[in-house]
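Copied from Swiss-Prot, the annotated features are:
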type: MOD_RES; residues: S2; note: N-acetylserine
type: BINDING; residues: C45, H67, C174; note: Zn(2+) 1 binding site
type: BINDING; residues: C97, C100, C103, C111; note: Zn(2+) 2 binding site
type: SITE; residues: R115; note: site 'Important for FDH activity and activation by fatty acids'
type: MOD_RES; residues: K233; note: N6-succinyllysine
type: MOD_RES; residues: S247; note: phosphoserine
type: MOD_RES; residues: K315; note: N6-succinyllysine
type: MOD_RES; residues: S324; note: phosphoserine
type: MOD_RES; residues: S351; note: phosphoserine
Amino acid sequence: MSAEVIKCKAAVAWEAGKPVSIEEVEVAPPKAHEVRIKIIATAVCHTDAYTLSGADPEGSFPVILGHEGAGIVESVGEGVTKLKAGDTVIPLYIPQCGECKFCLNPQTNLCQKIRTTQGKGLMPDGTSRFTCKGKTILHYMGTSTFSEYTVVADISVAKIDPLAPLDKVCLLGCGVSTGYGAAVNTAKVEPGSTCAIFGLGGVGLAVIMGCKVAGASRIIGVDINKDKFAKAKEFGASECINPQDFSKPIQEVLIEMTDGGVDYSFECIGNVKVMRAALEACHKGWGVSVVVGVAASGEEIATRPFQLVTGRTWKGTAFGGWKSVESIPKLVSEYMSKKIKVDEFVTHSLSFDQINEAFELMHAGKSIRTVVKL
C-alpha cells in the first residue's frame with residue numbers, strides 16, 4: 001500500500017473541442033477498494049474523441065480521457081484482496097462486482113455497482129484522485145488511461161498473463177473485445193451462416209474476426225471507404241461492397257446478393273439510418289441485427305414494425321457482452337494462443353507527447369488503432 005501522492009504526466013482535456021494537453025498532475029493514493037495502476041500503453045478510441053468533441057451528454061471537463069489501456073498495479077487500497085502491487089492488469093470501463101442483480105444474471109454484463117459515480121467522472125466515494133494546477137480533474141469511464149498513473153475501483157480491473165505485450169493487449173480493453181463479443185456472444189453466429197458488417201473500422205474488423213472464428217461461411221463488409229476493404233479481407237471478409245456504387249438502398253443490394261438477406265448483420269458506426277439498413281438486410285424469419293455502434297445522444301431508430309413481426313430480431317451490445325473481470329484474462333489467453341488477432345489492429349505507435357496526432361490519424365481515417373506508449 002502506498003500513501004504517497006504521485007506526480008506524473010497526463011493528457012488533460014481542459015475543455016471540449018480543444019486538443020488534450022500534456023500536464024504534470026498529482027495522483028492521490030488509492031482509497032479502500034481502489035487500485036493505483038502505472039499505465040504502460042493505451043490506445044485512442046472513437047469514444048474518447050466523441051467526449052472530447054463536446055457531443056457526449058455525460059462529458060464533463062477538465063478530464064483525463066482514455067479507456068483502452070494496460071499496465072502494472074503500483075499499489076492497492078485497504079480491503080483489496082484479489083490484486084497486489086506488480087500484477088499485470090487491464091482497467092475496465094464496465095466493472096464486474098459479482099454481487100449486483102446484473103452481475104448475478106447470466107444474460108448481461110452491465111454491472112451497475114458504481115455506474116452513478118462513474119458517469120459523473122468520480123470514484124465510488126464521489127471524489128477524484130487527480131489534481132492539476134490546484135484544480136480537480138475528473139476521471140473518465142472509470143479508467144482514465146491517458147495518464148502515467150491512474151486510480152480505478154478494484155472491481156474494474158482484470159488481472160492478466162504477465163507475459164502479454166501490453167502495447168497490444170490494451171486493445172482488449174474496448175474495441176477488439178466489443179466487436180469480437182458482438183459476434184460470438186450477442187449474435188451467437190452459427191457455422192455456415194452469412195453475415196454483413198457495416199463499418200470497417202477497428203470494431204467492425206473485430207466483428208469480422210468473431211464471425212470467422214464462429215464459422216460463418218460468407219462475410220460481407222460494407223463501407224463507403226474502399227481503402228478499408230483490403231484489411232477487412234485480411235481479417236476474414238469474403239467480399240466487400242460500397243453503398244455509393246449502387247443506385248438502390250444497400251439493404252436491397254444485400255437481399256439480392258444473399259437470396260433473401262443475411263443471417264446476421266452488425267452496425268459498427270453509430271448511424272441510425274445505417275442501423276435501419278442493417279436490420280432490413282436481414283433474412284425474413286430468422287435474421288438477427290446487432291447494434292454495436294454508439295449513436296449521438298438524442299438519436300432514435302426507426303423501421304416498419306412489419307420487419308420485426310416477420311421474424312427479424314434487433315439486438316444491442318456493450319463491450320461485446322463480456323462479463324469483464326472474468327472474461328478479459330481468457331481473451332488475453334486466446335490472443336497468446338493465436339486464436340484471435342490483436343497485433344493486426346495496431347496501425348500506428350506514438351509517444352505520449354504525440355497523443356493529439358493519434359486523434360488526427362483517427363479523424364482522417366488513416367488508422368485502425370493507434371497505441372500510445374507512456
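Cβ atoms are placed via backbone N, Cα and C, with glycine included.
Looking at K233 (N6-succinyllysine) and C174 (Zn(2+) 1 binding site), their Cα atoms lie 22 Å from each other. For the recorded site, C103 (Zn(2+) 2 binding site), the DSSP three-state label reads helix. Among the recorded positions listed (C45, S247, K315, S324, S351), S324 has its Cα nearest to the Cα of C97 (Zn(2+) 2 binding site).
Residue with the densest Cβ environment among the recorded positions H67, R115, K233: H67, by other Cβ atoms within 10 Å. For the pair S351 (phosphoserine) and R115 (site 'Important for FDH activity and activation by fatty acids'), the C-alpha distance works out to 32 angstrom. Nearest in space to C103 (Zn(2+) 2 binding site), taking C-alpha to C-alpha distance over the recorded positions H67, R115, S324, is S324. Taking a C-beta cut-off of under 8 Å and a sequence gap of six or more, C100 (Zn(2+) 2 binding site) has these contacts in its own chain: C111, Q112, K113.
DSSP gives R115 (site 'Important for FDH activity and activation by fatty acids') a helix state.
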